[in-house]
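S.K.: Quick one: the structure is below, questions incoming.
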Amino acid sequence: MGLSTVPDLLLPLVLLELLVGIYPSGVIGLVPHLGDREKRDSVCPQGKYIHPQNNSICCTKCHKGTYLYNDCPGPGQDTDCRECESGSFTASENHLRHCLSCSKCRKEMGQVEISSCTVDRDTVCGCRKNQYRHYWSENLFQCFNCSLCLNGTVHLSCQEKQNTVCTCHAGFFLRENECVSCSNCKKSLECTKLCLPQIENVKGTEDSGTTVLLPLVIFFGLCLLSLLFIGLMYRYQRWKSKLYSIVCGKSTPEKEGELEGTTTKPLAPNPSFSPTPGFTPTLGFSPVPSSTFTSSSTYTPGDCPNFAAPRREVAPPYQGADPILATALASDPIPNPLQKWEDSAHKPQSLDTDDPATLYAVVENVPPLRWKEFVRRLGLSDHEIDRLELQNGRCLREAQYSMLATWRRRTPRREATLELLGRVLRDMDLLGCLEDIEEALCGPAALPPAPSLLR
């Protein structure tokens, strides 16, 4: 049994040996040579690439801005490279057969061209100022405006690839990188953590308080303005007479009824006046205009001791004369107070240097608005007027008194008379003021010893 086993093992061995002997070259071809394997697996140095047809040759790569036109013919020989055409580029060393096409900025995504395409660089696209890039993919981006952080503060400034990071004020929450009022917050959103109910209650209380207080403030303001207006109107009625006296140099005209009430007896006829026959004067009418005479009887400085009538309080309004009366006046003119002083038998009265009452009477009866004109006509210069006003800046009355005292000192005593003041007041058309001065100086001596009540 052992002998039969041996022939069975020898048969396969013999067949294997025959196959090796018959096809030695075919078996050797199946396994590559060790040297060829090392060459095929070797890598070319940096800046070169393996020849596509001969692995043993390394060709030099083309520079950026060029492309491979033909491979190098052999080792140590140059590669045939050509420059890219317009609208194409290569951005690095390469052995590409064609240049890459230039990219275009997408206006629908808000992109703008930062730098144009060249043979060695692709088009550079970006965003405008105060914008950032939001990438939808690795190379696709869209431009959005940076958030202004309204109702909040900037935590991180806007960058090229990141929007502004905001921190919202109290009563606002962040939604899509914008600070939105808590009134727009719903219970289902996360904003309920930031918008607390207490804040809403406080805000509601403030709004209700403002709603109540605002109408009250407006109402009381209108009431205050109304009271102020009424007070001014009441004051105006009291100031009206004083203002009229200051501006016009005479009292305000009274109503006709009041004027008739003050007329208690008819006027004494003037001996020098003879009216035209048939002329009948009306009640309260004076043939002499009010700008020249008043309603009082004829008066001269020499008659002061015998003057018993009370001081004039009102002056009748000016009334124009009829044609007949005008003819009578032209034929027989009535003298004015200044003419009566000049025609009087008495000599002109000089101002008493030791008695300041005379100067104060002039100060009180000349209108303040006409005062500077008055003292200029007396001979004072503007420099002297300003100096005396500064010396008595707190009291206008004392300043005016000082001006008259200065005029009196520089004027000879025989010339400082009421006649001179009367001429100046006549030139200023202020004869009414002159009569007031006369009454102020002569009135106290003419009062009766036992005063009687006026009705």
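Think of each number as a place in line: the chain as shown, counted from 1.
Just so it is clear, glycine is given a Cβ too, placed from its N, Cα and C backbone atoms.
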S.K.: Select from 30-40, 338-348, 382-392, 404-414 the stretch of residues annotated by Swiss-Prot as region 'N-SMase activation domain (NSD)'.
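M.R.: Result: 338-348 is the stretch Swiss-Prot calls region 'N-SMase activation domain (NSD)'.
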S.K.: Could you check Swiss-Prot and say which of R238, R311, R376, R423 is marked as (Microbial infection) N-beta-linked (GlcNAc) arginine?
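M.R.: Of R238, R311, R376, R423, Swiss-Prot lists R376 as: (Microbial infection) N-beta-linked (GlcNAc) arginine.
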S.K.: Looking at Swiss-Prot, which of C143, C146, C179 bridges to C158 via a disulfide?
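M.R.: In Swiss-Prot, C158 forms its disulfide bond with C146.
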S.K.: Can you look up which of C84, C105, C117 is joined to C99 by a disulfide in Swiss-Prot?
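M.R.: The record-listed partner cysteine is C84.
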S.K.: Could you state the whole-number distance in Å separating the C-alpha atoms of C127 (disulfide bond) and C179 (disulfide bond)?
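M.R.: The Cα atom of C127 (disulfide bond) is 24 Å away from the Cα atom of C179 (disulfide bond).
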S.K.: DSSP helix, strand and coil counts for the repeat 'TNFR-Cys 2' (83-125)?
M.R.: 3 helix, 14 strand, 26 coil
S.K.: Let me know the DSSP-derived helix, strand or coil state of C168 (disulfide bond), please.
M.R.: strand
S.K.: Looking only at Cβ atoms, how many others are within 10 Å of the one on C125 (disulfide bond)?
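M.R.: So the number of other Cβ atoms within 10 Å of C125 (disulfide bond) is 20.
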S.K.: Across all the protein chains here, work out how many other Cβ atoms are within 10 Å of the Cβ of C59 (disulfide bond).
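M.R.: That number is 24.
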S.K.: Looking at the disulfide-bonded residues C102, C125, C149, C166, whose Cα is closest in space to that of C59 (disulfide bond)?
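M.R.: Its closest listed neighbour, by Cα, is C102.
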S.K.: What residues, ordered by sequence, lie under 8 A Cβ-to-Cβ from C81 (disulfide bond) and sit at least six positions away in the same chain?
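M.R.: Spatial neighbours, sequence-distant, of C81 (disulfide bond): C62, H63, T66, Y67, L68, Y69.
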S.K.: Distance between C182 (disulfide bond) and C72 (disulfide bond) at the Cα atoms, whole Å?
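M.R.: Rounded to a whole number, the Cα-Cα distance is 73 Å.
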